[in-house]
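A.B. asks: There's a structure below that I have some questions on.
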Amino acid sequence: MYAAGHPQFTCPAAPHSGSRSGDDHLSPLQMTPGELALASGNHTPVTRFILLGFSNHPDLRELLFGAFLLIYAVTVLGNLGMMVLIFTDARLHSPMYFFLSVLSFLDICYSSVVTPKLLLNFLASDKSISFQGCVVQLAFFVMHVTAESFLLASMAYDRFLAICRPLHYVPVMSRRTCLQLVAASYVFGGANSAIQTGNVFVLPFCGPNQVTHYFCDIPPLLRLACANTDMAEVVLYIFSALVTLLPAAVILSSYSSVLAAVGSMRSAAGREKALSTCASHFLAIAIFYGTVVFTYVQPHGPTREANGQVVSVFYTIIIPMLNPFIYSFRNKEVQGALQRRLQVRVFHS
């Protein structure tokens, strides 16, 4: 992984080294800011990046600040509340709710990596972030998002065992297994973070420092690199596809088996209970993977930057807020635990 300090390099001086493969005669309109800087001979090393974010909507600054502040407050309080509820209610001490508490923790983490800086930039005239800060922000963001991707796969596997292999559920899904699955999620997250962060910051940054995003994300950073980014984009697509599609394959196969098992149940009450615990999970998964695939797996272009920024809001800010509500809206066990907690508070008051 690239060191988090000031970049010590000399930018290449040959204009053609920043050209895309097979395109040696790009017009200025077709070139990225990094390619333009390289072609113009601007080789000043970047020490700070400017996060443009939503600066093209100055008239909406107060409205956006209030909305994102409210969303972030609900995210932290909702997910903390879910964690406290699971840890304090003995009826929720099961693998499914253990995974749900870890999911709440991850949602708080990766939302907190992005949102506070976004809120600060709405109020401050200086919207910059240091080179080291950008490295750290990207590294922690990728680690937690990747860990969540694999955690969602673990949650799907848990539902598969509970519904399709109920006799094997208790011995297989032991406390040790649950901890190992969570640890594996973080190992995959750390590995992908090291690869993706190093993949970006091993490139030279010379001159352009305006990131067309509200946080240090990979696609807009690659546009600022003063070098050929073809290989970096290939690495981005391959590893983004791996950490997205592999868990998605586990999820789809698990839920295909779950739906088949639910369809063969004779008891209507059993079908309703099984579907109630899976429907909320599947909804959260669909939103999360849909936005991640749109952002990282398919090719990017400058005309899609605005749309990509809006889509990023969903999985970095909106989804962490929605998850506690999604998982509790149709979950009678969570609703029951919340009612018991509220009744205890009312009784003691």
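Positions of Cβ are set from backbone N, Cα and C atoms, glycine also.
The annotation domain 'G-protein coupled receptors family 1 profile' is assigned in TrEMBL to 78-327. The region 'Disordered' annotation in TrEMBL covers 1-25. The transmembrane segment annotation in TrEMBL covers 63-85, 97-115, 135-157, 178-195, 234-262, 274-297, 309-329.
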A.B. asks: Taking 63-85, 97-115, 135-157, 234-262, 309-329 as candidates, which has the most Cβ pairs under 8 Å with the transmembrane segment (178-195)?
C.D. replies: 135-157
A.B. asks: Looking at the domain 'G-protein coupled receptors family 1 profile' (78-327) alone, can you tell me the average pLDDT?
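C.D. replies: Mean pLDDT for the domain 'G-protein coupled receptors family 1 profile' (78-327): 87.
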